[in-house]
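For reference, the structure is listed below as C-alpha cells.
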C-alpha cells in the first residue's frame with residue numbers, strides 16, 4: 001500500500017485482514033498439539049506437563065513480545081533498524097540463556113516444586129520439555145522484529161505466509177512423532193513448537209531482508225539512541241508482563257467463589273470461544289500504528305473501529321442468545337454435560353461486550369504507541385489489573401452468583417476501565433500533535 005494513498009475503509013480492511021488471520025491461525029496451534037498428545041501414552045501427565053512447560057516459556061518470553069510494535073514504530077531508517085536488531089540480539093539471547101539456566105539448575109525445582117507445587121509425576125517430563133523449548137524466546141524475538149518491519153512498510157499480506165510455515169513445521173513434527181513415538185507427548189509438543197518458531201523466524205527473515213535492503217531509508221533526521229529505544233520499549237514490555245501476571249488471578253478467584261468446580265470446568269471453554277471473537281481485535285493495534293500517519297487516517301480508522309467492534313460484539317451476542325448455537329459449540333464441539341451447559345449462558349451474555357472493548361482499547365493504544373506515549377499504555381494496563389483484582393475481591397460480597405458469572409463481570413469492568421482511561425488520555429490532548 002503506497003504511503004501517500006488516501007486511507008479508505010476497504011484499504012484498512014485489506015491491511016488488517018492478514019494480521020487478523022495470523023492471530024486466528026495461532027489459535028489453532030495449541031488445540032492441535034493437545035489433540036496429538038491426547039492420543040499418545042500418558043495422556044493426563046503429558047498434557048499437564050506440556051501446559052506447565054508452555055506457561056513457563058510464556059513468562060520468560062513476555063519481555064520481547066512488544067518487539068513487533070517497536071519495529072513498526074521506530075524502524076524509520078538503517079540506523080534505527082540496526083539499533084533494534086542489536087536490542088533483539090541482546091534481549092532474545094539473554095532471555096534464552098535465562099530459560100536454559102532455569103531448565104538445567106536447581107531453579108527449576110524451586111519454581112516448579114517449591115512455588116507451583118506441581119505433581120511429582122510430571123516434574124521430570126516438564127523439565128525435559130522445558131529444556132527442548134530453549135530456542136522459543138530468541139526465535140520469537142527475531143520473528144516479531146522482522147514482522148514489525150513488514151507491517152511498518154505495508155507488507156501485511158506476507159505475514160500469514162510466515163505463520164503458515166510455522167504451522168507446517170509443527171504439523172510435520174507432530175506427524176513424525178506420532179508415527180514414531182520415541183518422545184513423551186509433552187516433549188513432542190515442545191519439539192514441535194520449537195521447530196515451528198525457528199521455521200517461522202527464518203521464513204520471516206527471508207521476506208524481510210528485501211524490505212530492509214530496498215525500502216528502509218539510509219538515514220533520517222532522528223537518531224534512535226539507546227535511551228530513546230528503552231524509553232519507548234520498557235513500558236510496553238511491562239504492559240505484557242502485567243497482563244500475563246493477572247491471568248492466574250482469575251483461576252484463583254474462580255476456585256474461591258460459588259460453584260468452583262463448575263466454574264473452573266467451563267472457564268477454559270468460555271475463554272476459547274471468546275478468543276474466536278477477540279483475537280481479530282489484537283492485531284488491530286498494529287494496523288492503527290502503521291496507518292494513522294496516512295492521509296485521512298484518523299477519521300477512517302475511528303470509523304473502522306466502530307464497525308469492527310460492533311460487528312464482532314453483535315455476532316458474539318447472537319451466538320450467546322441462540323440455544324442451538326450454544327449447544328453446537330459448548331455441547332457438541334466442547335463436550336460439556338447438560339449440567340455444565342446450564343452455567344454457560346449468563347457469563348456468555350456478559351462477555352459479549354469484550355470484542356467491542358478490545359477493539360476500542362486497540363484503537364487508543366495504537367494512537368498512543370504511534371505517538372510514542374507508551375508509558376500511558378502501561379498505566380492503562382495497571383488500571384485494568386487493579387480494577388480486575390479489586391472487583392474480584394468485592395463483587396462476591398454483594399453478588400450471590402456462580403464464580404464464572406462474577407469473573408465475567410470483573411473482566412468487562414476491567415476492560416471498560418482501561419478503555420475509559422485510554423480515551424481520557426487521548427482526549428486530554430496528550431497526542432494532539434499527531435492527530436488531524
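Just so you know, glycine gets a Cβ as well, placed from its N, Cα and C.
According to TrEMBL, the transmembrane segment annotation covers 50-75 (among others).
Residues or ranges marked as transmembrane segment in TrEMBL: 87-108 (among others).
Residues or ranges marked as transmembrane segment by TrEMBL: 158-182 (among others).
Under 8 Å from some Cβ of the transmembrane segment (188-208) lie the Cβ atoms of residues 29, 33-34, 36-37, 40, 46, 50, 53-54, 129-130, 132-136, 139-140, 142-143, 146-147, 149-150, 155, 158, 161-163, 165-170, 173-174, 177-178, 181, all in the same chain and six or more residues away from its ends. Under the heading transmembrane segment, TrEMBL lists 188-208 (among others).
Residues 58-59, 62-66, 69-70, 73-74, 83-84, 87, 260, 263-264, 267, 369, 372, 374-375, 377-378, 381-382, 385, 388-389, 392, 403-404, 406-407, 410-411 of the same chain sit 6 or more residues outside the transmembrane segment (229-254) yet have a Cβ under 8 Å from a Cβ within it. Among the features that TrEMBL reports, transmembrane segment is placed at 229-254 (among others).
The annotation transmembrane segment is assigned in TrEMBL to 266-292 (among others). For the transmembrane segment (266-292), the list of distant contacts is 7, 12, 15-16, 19-20, 22-24, 26-27, 68-69, 72-73, 148, 151-152, 154, 156, 250-251, 254, 298, 301, 305, 308-309, 312-313, 315-316, 329-330, 334, 336, 340, 343-344, 347-348, 351, 354-355, 358-359, 362-363, 365-367, 369-370, 404, 407-408, 434: same-chain residues at least six beyond its ends, Cβ to Cβ under 8 Å.
Annotation comment: TrEMBL describes 304-323 (among others) as transmembrane segment. Within its own chain, the transmembrane segment (304-323) is flanked in space by residues 9, 12-13, 16, 274, 277, 280-281, 284, 329, 345, 348-349, 351-360, 362-363, which lie at least six positions past its ends and keep a Cβ under 8 Å from the stretch.
For 343-364 (among others), the entry in TrEMBL reads transmembrane segment.
As annotated by TrEMBL, transmembrane segment applies to 376-399 (among others).
For 405-426 (among others), the entry in TrEMBL reads transmembrane segment. Proximity of distant same-chain residues to the transmembrane segment (405-426), defined by a Cβ-Cβ separation under 8 Å and at least 6 residues beyond the stretch ends, is recorded for 250, 253-254, 257-258, 263, 267, 270, 346-348, 350-351, 353-354, 357-358, 360-361, 364-365, 367-368, 373, 376-377, 379-381, 383-385, 387-388, 391-392, 395-396, 399.
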